[in-house]
Amino acid sequence: MEPVIVIGAGLAGSEAAWQLAQRGIPVELREMKPEKMTPAHHTPWFGELVCSNSLRSDQLENAVGLLKEELRRMGSLILSCADEHRVEAGGALAVDRHGFAQAITEKIRSHPLITVVEGEVEHLPAEGQVIVASGPLTSDTLAEDIKGFFPESHYLNFFDAAAPLVTFESVDMESAFFASRYDKGTPDYINCPLTAEEYEAFWTELCAAQEAEVHGFEDKNVFEGCMPVEVMARRGHDTLCYGPLKPRGLKDPKTGKEPFAVVQLRKDNADGTIYNLVGFQTHLKWPEQKRVFSMIPALKNAEFLRYGVMHRNTYLDSPRLLDRYYRVKKDPRICFAGQITGVEGYVESTASGFLAALELSRRLRGLPPVDFPQETATGALALYISNETVTDFQPMNVNFGIIPPLGYKVKGKRNKNAELSKRALEKLAELDTE
Ligand SMILES: Cc1cc2nc3c(=O)[nH]c(=O)nc-3n(C[C@H](O)[C@H](O)[C@H](O)COP(=O)(O)OP(=O)(O)OC[C@H]3O[C@@H](n4cnc5c(N)ncnc54)[C@H](O)[C@@H]3O)c2cc1C
């Protein structure tokens with residue numbers, strides 16, 4: 001059998017290659033790293049996380065928690081590597097980013113049916129079955145080629161930002177304290193408190209700090225879920241105190257009270273030697289990041305291992321171009337998967353890679369496709385992406401709003417969500433996902 005060509009060994013491409021190979025389909029996985037790097041990728045590993053090391057909530061009362069559980073039950077490579085390389089992060093699934101990516105790389109490279117071919121793909125292959133999973137930072141040449149492939153439509157884009165990383169030993173623990181919000185779970189976060197005066201000075205400087213040039217960027221073009229901290233700050237004096245600097249449920253042991261504002265740091269590696277600034281995606285100039293973020297008392301001597309960056313993030317107008325299996329409607333030989341389809345986030349990208357590969361492997365084995373019902377998170381996401389009635393298409397995180405309601409009343413949002421998840425997992429159990 002001719003191998004399926006998978007372009008890009010990120011989260012979607014690695015998952016897709018693995019699922020195909022596990023079902024006996026040979027794969028040629030084409031990845032341009034390390035020869036050519038996108039502006040946000042830094043390592044030769046597959047499945048590299050370009051920003052936060054968190055795959056978000058791991059609880060079934062949350063839609064992304066449900067999506068993870070569905071993927072686990074279906075044998076996802078990305079989820080099994082994430083579980084294996086988990087670092088403590090309260091109710092979230094956060095990972096040691098290097099251990100996680102290395103595990104994915106080893107699994108992929110040692111699979112007998114996967115051949116890795118290094119180098120940039122410049123054109124959509126003219127023959128064979130293809131899954132394009134080249135991500136939001138698809139190389140320019142390939143992006144141009146994809147644009148040409150869809151002359152009837154056009155690419156859409158928005159801007160995405162990454163947060164900085166600091167070393168643990170440079171955080172002043174005299175000014176900071178370990179705790180989790182409302183003391184739930186283990187005290188995994190480092191909390192850096194600010195008084196009202198310290199916040200005032202920090203907020204003023206943050207709003208006025210110099211931004212790096214990003215061509216075509218305006219505040220309105222940001223994705224709300226990954227908004228640069230300086231853009232959020234400019235929305236109002238206290239906006240940050242309701243967002244990433246929210247002090248609720250975080251009592252400073254020194255005073256016994258909630259501080260005026262709190263910056264949280266989350267472990268970025270299993271050793272706990274590196275922490276990221278939670279919610280501090282930014283596109284300030286690097287010296288400005290050092291100057292302004294060092295105004296947070298616990299970070300006054302912080303050593304920045306990596307500064308935040310901002311990039312254009314490109315995706316297709318999928319409702320007009322793709323079907324529920326992420327196949328190109330006009331040419332089902334080609335599928336897209338991952339962030340380029342307009343699913344937003346690590347887990348969502350993984351889910352689309354899984355579904356695209358499952359369908360393609362079944363087609364190649366002469367089996368009918370699996371129609372994931374909308375009650376499942378996997379199905380709801382795919383149906384949203386391919387829903388032609390969605391006109392102003394925007395990148396979409398999985399959420400319970402795209403899953404049909406229960407049809408009966410359940411008291412309390414958490415209980416209702418738990419019930420939605422229960423229903424989803426029951427529906428999933430009825431499917432043949434081989
Ligand atoms: C700056 C930034 C910050 C982000 N922060 C977060 C976050 O905190 N949390 C979150 O959930 N999501 C975040 N995202 C979204 C994130 O990109 C996706 O969630 C996820 O990485 C997408 O997975 P993917 O497999 O589609 O793409 P990627 O993981 O980017 O993988 C694509 C792969 O394709 C390769 N490639 C590209 N072009 C070619 C080519 N021509 N030939 C061969 N290989 C090619 C790349 O090198 C890469 O390895 C962020 C995105 C950006 C750009």
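Heads up, the Cβ atoms here are built off N, Cα and C, so glycines get one too.
TrEMBL has this to say about the protein:
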DOMAIN    4-366  domain 'MnmG N-terminal'
BINDING   GLY8, ALA9, GLY10, LEU11, ALA12, GLY13  FAD binding site
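Counting neighbouring Cβ atoms within 10 Å of each of the binding-site residues (LEU11, ALA12), the lowest count belongs to LEU11. Within the same chain, residues at least six positions away from GLY10 (FAD binding site) with a Cβ under 8 Å of its Cβ are PHE46, GLY47, GLU48, ALA133, SER134, GLY135, GLY338, SER349. Cβ environment of ALA9 (FAD binding site): ALA17, LEU29, GLU31, LYS33, PHE46, GLY47, THR105, ILE108, VAL116 lie under 8 Å away, each six or more residues apart in the same chain. When pLDDT is averaged over the domain 'MnmG N-terminal' (4-366), the result is 93. Other residues of the chain with a Cβ within 8 Å of the Cβ centroid of GLY8, ALA9, GLY10, LEU11, ALA12, GLY13, the FAD site, are VAL6, SER14, GLU15, ALA16, GLU31, PHE46, GLY47, ALA133, SER134, GLY135, ALA337, GLY338, SER349, GLY353. Long-range Cβ neighbours of GLY13 (FAD binding site) (same chain, at least 6 residues apart, Cβ-Cβ under 8 Å): VAL6, ILE7, LEU29, GLU31, PHE46, ILE131, ALA133, SER134, ALA337, GLY338, GLY353.
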